[in-house]
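The domain 'Acyltransferase 3' annotation in TrEMBL covers 8-338. According to TrEMBL, the transmembrane segment annotation covers 15-35, 41-58, 78-98, 133-153, 160-181, 187-205, 217-238, 250-269, 290-308, 320-341.
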């Protein structure tokens with residue numbers, strides 16, 4: 001909800017979006033050959049940090065300004081998602097026709113697409129794309145409610161009351177299984193990620209008052225809670241995926257660990273001095289700036305290895321080799337499609353501007 005660039009923020013988002021590609025590599029096509037533990041461990045770094053960063057970047061303004069900013073962001077992001085999804089309908093429809101010798105249910109495909117929950121036989125051939133859109137559905141839903149909370153965040157007392165209330169509501173709804181439809185998503189997702197989002201806003205306002213020692217002690221307490229949950233609640237078997245959809249109280253401490261790491265690294269790492277001499281960091285910053293497009297594209301690309309991995313398994317390719325091939329494929333073509341998409345948008349925008357200028361002249 002802000003246009004100001006921050007190198008460390010872009011770096012963090014860039015690293016995280018590439019890690020999302022890794023998560024979807026091991027959780028989708030990887031389920032054919034990767035055991036549960038490595039897949040569960042990969043969720044220790046996850047999209048909860050995206051919500052925290054979004055809150056961190058959100059300024060406390062009057063309600064009208066926040067509503068306008070949220071609406072503008074929703075309009076731009078939703079339109080881009082919609083254009084890409086509509087473009088996918090044609091190749092998916094042709095693929096389905098040649099495979100099934102019949103037409104898919106276009107009504108279900110299109111209506112569910114508009115609701116950011118693509119379902120039906122047409123979308124099944126591109127499983128990761130609709131499967132990963134839960135994040136967009138939650139984020140878009142949050143944009144409708146965030147302004148009403150953030151506008152009251154100028155007062156520390158109000159921040160504490162709001163954060164506590166949202167957290168308590170999440171605990172109650174999650175504990176009792178009260179999960180009702182809300183805009184594009186469901187209430188438990190809204191309460192959980194609204195808390196993470198608002199925590200980011202609160203941290204931005206309080207970060208000067210929080211010492212590094214306090215953050216380290218908080219991280220230590222966080223890790224201790226996670227270990228206690230692991231041994232005494234999960235019985236020594238990591239079960240993050242089951243507690244992520246939908247989010248449970250158990251999942252919250254694991255989500256907060258990465259947020260602690262982000263806050264500590266931001267305080268201790270002189271990013272500006274290092275980024276000027278490191279060629280990898282500008283690449284990660286580019287990924288961070290384009291994280292939304294990359295997220296959309298990875299859903300398309302990460303669906304493809306599921307079609308060729310059975311062939312690799314049949315030919316006794318080592319599991320590590322299959323993983324590296326899949327990951328390299330997903331990363332390469334996700335970034336390639338993202339670059340092509342951005343380049344196409346730029347060319348279209350330039351052409352449109354030129355045509356508009358000529359029309360005005362005549």
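Glycine is treated like the rest: Cβ placed from N, Cα and C.
Residues 8, 12, 43-46, 48-49, 52-53, 192, 196, 199-200, 203, 207, 210, 212, 215-216, 218-219, 222-223, 225-226, 229, 233-234, 240, 243-244 of the same chain lie 6+ residues outside the transmembrane segment (250-269) yet bring a C-beta within less than 8 angstroms of a C-beta in it. When the stretches 41-58, 160-181, 217-238, 290-308, 320-341 are ranked by Cβ pairs under 8 Å to the transmembrane segment (15-35), first place goes to 290-308. Under 8 Å from some Cβ of the transmembrane segment (320-341) lie the Cβ atoms of residues 18, 21-22, 24-26, 29-30, 33-34, 84, 287, 290, 293-294, 297-298, 300-302, 304-305, 309, 312-313, all in the same chain and six or more residues away from its ends. Most Cβ pairs under 8 Å with the transmembrane segment (41-58) belong to 187-205, among the candidate stretches 78-98, 133-153, 187-205, 290-308.
Taken as a whole, the domain 'Acyltransferase 3' (8-338) shows an average pLDDT of 94 in this prediction.
Here the transmembrane segment (290-308) has Cβ contacts under 8 Å with residues 13-14, 16-18, 20-21, 24-25, 28-29, 32, 50, 77, 80-81, 84, 88, 125-133, 135-136, 325-326, 329-330, 333-335, 337-338, 341-342 of the same chain, all six or more residues outside its ends. Taking Cβ pairs closer than 8 Å, the transmembrane segment (217-238) reaches residues 36-37, 40-41, 250, 253-254, 256-257, 260-261, 264 in its own chain, all 6 or more past its ends.
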